[in-house]
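Feature annotations, courtesy of Swiss-Prot:
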BINDING   430-437, 765-772, 1035-1042  ATP binding site
DOMAIN    407-607  domain 'FtsK 1'
DOMAIN    747-936  domain 'FtsK 2'
DOMAIN    1018-1201  domain 'FtsK 3'
TRANSMEM  32-52  transmembrane segment
TRANSMEM  59-79  transmembrane segment
Amino acid sequence: MNSGPACATADILVAPPPELRRSEPSSLLIRLLPVVMSVATVGVMVTVFLPGSPATRHPTFLAFPMMMLVSLVVTAVTGRGRRHVSGIHNDRVDYLGYLSVLRTSVTQTAAAQHVSLNWTHPDPATLWTLIGGPRMWERRPGAADFCRIRVGVGSAPLATRLVVGQLPPAQRADPVTRAALRCFLAAHATIADAPIAIPLRVGGPIAIDGDPTKVRGLLRAMICQLAVWHSPEELLIAGVVSDRNRAHWDWLKWLPHNQHPNACDALGPAPMVYSTLAEMQNALAATVLAHVVAIVDTAERGNGAITGVITIEVGARRDGAPPVVRCAGEVTALACPDQLEPQDALVCARRLAAHRVGHSGRTFIRGSGWAELVGIGDVAAFDPSTLWRNVNQHDRLRVPIGVTPDGTAVQLDIKEAAEQGMGPHGLCVGATGSGKSELLRTIALGMMARNSPEVLNLLLVDFKGGATFLDLAGAPHVAAVITNLAEEAPLVARMQDALAGEMSRRQQLLRMAGHLVSVTAYQRARQTGAQLPCLPILFIVVDEFSELLSQHPEFVDVFLAIGRVGRSLGMHLLLASQRLDEGRLRGLETHLSYRMCLKTWSASESRNVLGTQDAYQLPNTPGAGLLQTGTGELIRFQTAFVSGPLRRASPSAVHPVAPPSVRPFTTHAAAPVTAGPVGGTAEVPTPTVLHAVLDRLVGHGPAAHQVWLPPLDEPPMLGALLRDAEPAQAELAVPIGIVDRPFEQSRVPLTIDLSGAAGNVAVVGAPQTGKSTALRTLIMALAATHDAGRVQFYCLDFGGGALAQVDELPHVGAVAGRAQPQLASRMLAELESAVRFREAFFRDHGIDSVARYRQLRAKSAAESFADIFLVIDGWASLRQEFAALEESIVALAAQGLSFGVHVALSAARWAEIRPSLRDQIGSRIELRLADPADSELDRRQAQRVPVDRPGRGLSRDGMHMVIALPDLDGVALRRRSGDPVAPPIPLLPARVDYDSVVARAGDELGAHILLGLEERRGQPVAVDFGRHPHLLVLGDNECGKTAALRTLCREIVRTHTAARAQLLIVDFRHTLLDVIESEHMSGYVSSPAALGAKLSSLVDLLQARMPAPDVSQAQLRARSWWSGPDIYVVVDDYDLVAVSSGNPLMVLLEYLPHARDLGLHLVVARRSGGAARALFEPVLASLRDLGCRALLMSGRPDEGALFGSSRPMPLPPGRGILVTGAGDEQLVQVAWSPPP
């Protein structure tokens, strides 16, 4: 409610009257003075009566001592009493003066209380003057004055209670001052002729006894108060009257409170005047109302309380007696009850009849709708173009926002003061429920209805993400509707950039137009015929700006910049909030030239906005507000309502219109409404004024310049991105996403150019941020813009298997997962081979760069090869599981770009990529990082990349971007590509038959011992025992070690006669039984004892072959000083032969260094488990020191490097790595020779 004139309520402490003074004892000096004077008098008398003194001669001299004696006695007797009486008198004078001053203060308080009470409860005869004003319907449920009604005037306690301090005891009290205090309290503890109010509460019936005429006069006064102070949405007034008394209450029919909320008759809402209480109860049974007041003027009396109804009865008849109020057993006599004549009550009711309550609780006068205020009239026939053409310069940017209490339209003009406006910037503050959102919608809709999009654009911002502006997004005037900034902090920085970019854009347009000083001059230049683009005023409305500045204080700098230059740039601000904290504006208040304030939470908030507390005193009615212009003038207004239903006449063609008829308007219910003809169409919902006007605006005027483009919430589709992209300027430049540039108010394709130094790519982001998708998008984009003869891909998928989805592309040669280590290794080998081949090709053909080669390739297809991309998804996993490949990849990244070989990888952190590789990566795509502080692009911007938005990240220049989704069809690309396909990676078969390998090898290998097929070229591979006499085979169980020995044995037999080769097979597990059945068998040993005997004979043979001193150099060169077969000692399961008790093969140790000259060959197979330790055993250590060849078959990698840098790895049976020298390794599949 409106608080009205202030009235003090604090208690007044009245000082108690003084006590009577006690007689005070004299001081010692005063008590001794009479004694001294007496002695002095006696001395004088003695002197006088001495013989020869003058007194003896003249008796007149005796008068002097006698006078001294008398004066002394009188002074001693009377001096003390005189002082006591004088003190009491002074106390009385002081206290009576105090009461006189206090009387003046109390009188002023009483006068202020009179004013306040009469403002709160005015004379009922004056109520009609308040109708239509700000105080009408001000009392709301829950307020202290709700249903508190004046019933008359009389004595009332003083608002400031007079509290007397502790009184002195009765025997010590001063009777004069005590009597004065008693009279003061009796005169001022109450005030006379004060309005007396009683609360009306649901409970037992209230009865008013007395003279019926006076009782009805009091009831009329009470009902008019209820109707003026309370809204019909919150309180209804019913009447239960007999037919004899109905004429006294006929005026009730005019009250909007007396109209039934649901029931209707032929005249509209049914009046709530009934004949009996039961009839009223039945009529109100279906209504859900907080309060109903029923006037009962019948012979019937209520037997108790009626649920939800306050009943006031005309009680017992007492002719000539004043009314007496009876309620709940209490009786209140009224000395001077209020009276309201019937004609005065009728005037009050009929004035209230013109008022209703809108859907938001806002009061309005019939006929004062928004359309009428704006000048539209019938919204259905509204032609925006016509209205815009008729708007003159004065009405430009000027819009009605509501009406004053007397119905005058209130205009908001956001033009600057130089153009007789209120702007350019303003403030709007209103508490929750005050109608602030409706006011903002009203302003926005009015601005659009009265101004063309060429004149005005709107940027609507709602920090909290409410629905204030959502319906306005489709209007041609709206540059953007920005919501939900509170939950999306990065969008606040984006809006800051967008507003700064708009200021920069407008400044640039003014410069290009001839360094114009303002938008006003720019528009005048356009009107005079200058060919300039449209530059409308931008009206920026920011709701909940206080919350925005609270969470993002730096945003005030943007508002300050607009406040300083917005006038010249045509950017107008309207800042709205529920509350305005002192100091929050930080200098912005100097730029706010007009202010609108609705109901505020406190008086201090109202003072912060307007400089007065008037906004706090506004009624709780939504939409009630004050407008303060730059001159300080305050204009009270009620906001127009645009969210209500559109009022429009029914089409005359639907049903014939009945002729008008005259019906009596009484308190009796008219005939019920009869249903019209049943049509064949369903009821069409009534649109709101807002939506109806927005529908009429569609298609009129140019669309507003998009200051705010939609955020990167949804990733684009790659297909659409490629269709819209401009032709690439470089050979390998493709768009893979969208970059958001809010300052430039644009979104541009994220184009990655891989044709030069930026040919290597790294995609870095936290888990589930879209790294794999980004690599797929890159592959798809290149595949869609290049055929398989120009770009090819080989993928290592160590992520979640996403790259397997591109395997169907013709551009993809192979996709290897973590379960395919051989394919991964083979892929690297092929790419390394490609680099070496291209290096030689460039050198032979005088090509100085890969760019030059691409130019030549475009002219001639001869000797063309594609750009090859090694795509690695999951760099950390590759380093962990296939560490041997890392160095090859780093070398490939360093050397490959010069020959058209690229590396693209994904990682979770930049730290996972070693500097040696990171330095080779020129194209860096950074998605959301787990720790934004790890960003290598922009740490501050990295913090703003949203979480749980796969594909969102930063471009190389620190701008926000989103990767496109790869929506292309690989099968369709394969059909479109035609014949060119990426060559697959040749892989070794799981099994190679020995006979087929022998047939394939033919006679090319000569006497070399055939082992199987090598991976690189798929050709047979052999072991040259002539150059390297020994071979070590290592592997786990079931890996094919014995099969490899079986193949070697049979191959030795096949390629050598028995005279040239003999085999000594050491087979403690009997796995090589019957492998050799020819004369090549020197011996088969299956036990340590037998082995010792055989080796003894062998040692004798070897000792005999040692060159004698007389052997010539020619004999040594031709190895002709001895004759006989080479001896092949084939040892299976060497770990069973070399045991802790001894190693029989130790006898051969001294001959191993001379084995090639002596015709000795040692072929040893051993488990790889514990091989790292076993290689220090003397025989094996000697073999390794002599550089023997090794075949590393399947084993555990944790054994470490066994030969050079080679370490075991899981391999299929029969497959192994043949180590033929330092760093020379090749993967082979051992030819399968079945056991006998």
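Any Cβ shown, glycine's included, is placed from N, Cα and C.
Annotated features taken from Swiss-Prot, shown on the structure.
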residue	record	Cβ within 10 Å
G430	ATP binding site	31
G433	ATP binding site	14
K436	ATP binding site	27
A766	ATP binding site	18
T769	ATP binding site	27
S772	ATP binding site	21
N1037	ATP binding site	9
G1040	ATP binding site	26
DSSP three-state assignment for K436 (ATP binding site): helix
In three-state DSSP terms, the structure that S772 (ATP binding site) belongs to: helix
For the domain 'FtsK 2' (747-936), mean pLDDT (0 to 100): 91
